[in-house]
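Peer 1: Checked TrEMBL, it gives:
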- Glu94: active site, proton acceptor (ACT_SITE)
- 16-116: domain 'Gamma-glutamylcyclotransferase AIG2-like' (DOMAIN)
Amino acid sequence: MVAEREVNGDGGRTLIFTYGTLKRGFSNHPLLQDLIRTGDASFVGTYRTAGKYPLVCGPYRVPFLLNIPGSGRRVYGELYSVSTRGLARMDELEGTSRAHYERLPIKVLPAGEGEEEEGEETDRDTMAGLTCAEAYYAHGNYAMELWKKNGKRGLRCYTQKETIGYVKRKDRPQNLTFLDHIRFFLSSN
């Protein structure tokens, strides 16, 4: 039997799987540090997706998790328990109301549990460490095009190597919207 933690089971808190710039040591982690200071978030641990998902880079080396289960690789990241107030701040950063990202369910395991060679599926992925969380996925309006643009190849982990060429939001052209940047990226050679 699979032991699953409720997404909202911890006093109204939501478990959020972070895979990119919100992780420790990356450009948007100060938001989580602030939420931790105010008691609106806590670090749970290093986790990976139970199934395979594409993790790709888009314009300005921004990371995107794509809601295309079974494609890509098992993705490594960090799990945080976040309050309702903290979640509102994260939703704002991720542009959920502006169709930048979508916050949707995902199943994760503590990193190191049930791992097999790439391409092998195993029943051990249904072990007791399976946790139901949520993640910020690229919005469905452009996710498949991002997958194609990346040659249908995904990353296992967004690392400092992938950030080479990353441009912080404040340093991007301000006359264009986030979705404009994505459209230009997708239409470029």
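Including glycine, each Cβ sits where the backbone N, Cα and C put it.
As the structure is a computational prediction, the values presented were derived from the model and not from experiment.
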Peer 1: Which residue counts does DSSP yield for the domain 'Gamma-glutamylcyclotransferase AIG2-like' (16-116) in the helix, strand and coil classes, in that order?
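Peer 2: The counts are 26 helix, 37 strand, 38 coil.
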Peer 1: So for Glu94 (active site, proton acceptor), how many other CB atoms are inside 10 Å of its CB?
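Peer 2: There are 19 such Cβ atoms around Glu94 (active site, proton acceptor).
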Peer 1: What average pLDDT does the predicted model assign to the domain 'Gamma-glutamylcyclotransferase AIG2-like' (16-116)?
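Peer 2: Here the predicted model's pLDDT, averaged over the domain 'Gamma-glutamylcyclotransferase AIG2-like' (16-116), is 95.
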